[in-house]
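Only one structure is covered here, and it is reproduced in the block below.
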Amino acid sequence: MAAPVNNPDHGFCRDCLTFQRSETRRCERCGSPRLARHPELYRLHLAHIDCDAFYAAIEKRDNPALKDKPLIIGGGKRGVVSTACYIARIRGVRSAMPMFKALEACPEAVVIPPNMEKYVRVGREVRAMMQTLTPLVEPLSIDEAFLDFAGTERLHGQPPAVVLARFALAVEKEIGITVSAGLSYCKFLAKIASDFRKPRGFSVIGEAEAVGFLATKPVTMIWGVGKAFNATLERDGIRTIGQLQTMERGDLMRRYGVMGDRLYRLSRGEDVRRVDPDQDAKSVSAETTFDTDIASLDELVSVLRGLSEKVSARLKKSGIAGRTVVLKLKTQDFKLRTRNRQLGDPTRLADRIFQAGVELLRKETDGTKFRLLGIGVSDLSDDDKADPPDLVDVQSRKRAMAEGAIDALRDKFGRKAVETGYTFGRGRDAHPPEPLED
């Protein structure tokens, strides 16, 4: 590539990566309109990368017949949308939307149940490519991460902006999906930038423009401002970030506590958090939505066992364990219940997760009908100290040994090769876990 012209307003082409020598609308070399230009383009080094409609993009990659069709990843009329391709989104389909509403908005959509094993595998391929660019990669989920390119220009021989654009092209060519990237000076604004112009987006928010850019945006753009807190701010007459910019830190903290300090800082584009490559997931869980609401403890216990095994499998695959078991229930009128129990030591065993879940579940089965059941673990750590041998509880030790034998058989012959008495014959009235993906 030609040596860069010292004028970031000219920018470079995102398709052929050629630096531009004038402010043309199309690339001087290949004619592409996808030009990256910004006064701070070559000074910024903090990026957020987000795969575009990740689950749906993988399914379309693997089945070209789906390319021009609206696609929803989800399952069952009583479930929710995990994600939807951009064609379906144009028709009004959104993540977390109930499936029946999604199909009302887009009745011609193709619906595919989520295949998490495949998505995790592709996510790891993308992550591995990120880690060749910089050691400072902080995953947020299987399809997005922060990257800090500070100090890498000598390594790559190019400014971070160009490395980022080259990465996007490489993912598209080598993995067959697209990504959108945001480049800024802090995490908060890099994340916002990556949401612009999806799919295949590349957006830049510089430090000089940050306050003015944020002023007109709704307060919901600030992390932590959800529906409930937004309602509180609206009652106080605060709707835009610009209104927050006129307020004193002390006033905001008196009104909203610790959150007031966040409102003050982020409204001014102040975010000093560093990219942390050691940032870990905070929990591992699985849940399912029933076709028919269930009140029976026996039926719920049967489903709980299968979910516990899914959580256990993910923990073992990741080499981690959790100390707190969390039960999640949603009633037929959509009220959410969460209960938790802390264990004496971390676990990755399905049996221990299941037993703790059953104890929590018994206290909730009072005739109430449930439409959703979930189980998970939090307080995660490496699994080297998980599940020490219980010399007192012989049965517990035997169950752990049996679980190890079952795992070995499933690794060799597949997950359905061995079923427990709890899970045998299940699956006719429940959908698999449906994790959400933006």
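Glycine is treated like the rest: Cβ placed from N, Cα and C.
The structure displayed is predicted, hence computed values, not measured ones.
Glu144 (active site) is surrounded by 21 other CB atoms, counting those within 10 A of its CB over all protein chains shown. Residues or ranges marked as active site in Swiss-Prot: Glu144.
Per Swiss-Prot, Mg(2+) binding site is recorded for Asp50, Asp143.
Taken from Swiss-Prot, the feature domain 'UmuC' applies to 46-226. Each residue in the domain 'UmuC' (46-226) has a pLDDT score, and their mean in this model is 94.
Sequence annotations record features per position, and here Swiss-Prot assigns site 'Substrate discrimination' to Tyr55 based on similarity to another entry. Under the DSSP three-state reduction, Tyr55 (site 'Substrate discrimination') is assigned to helix. Counting every protein chain shown, the Cβ of Tyr55 (site 'Substrate discrimination') has 29 other Cβ atoms within 10 Å.
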For Asp143 (Mg(2+) binding site), the number of other Cβ atoms found within 10 Å of its own Cβ: 26
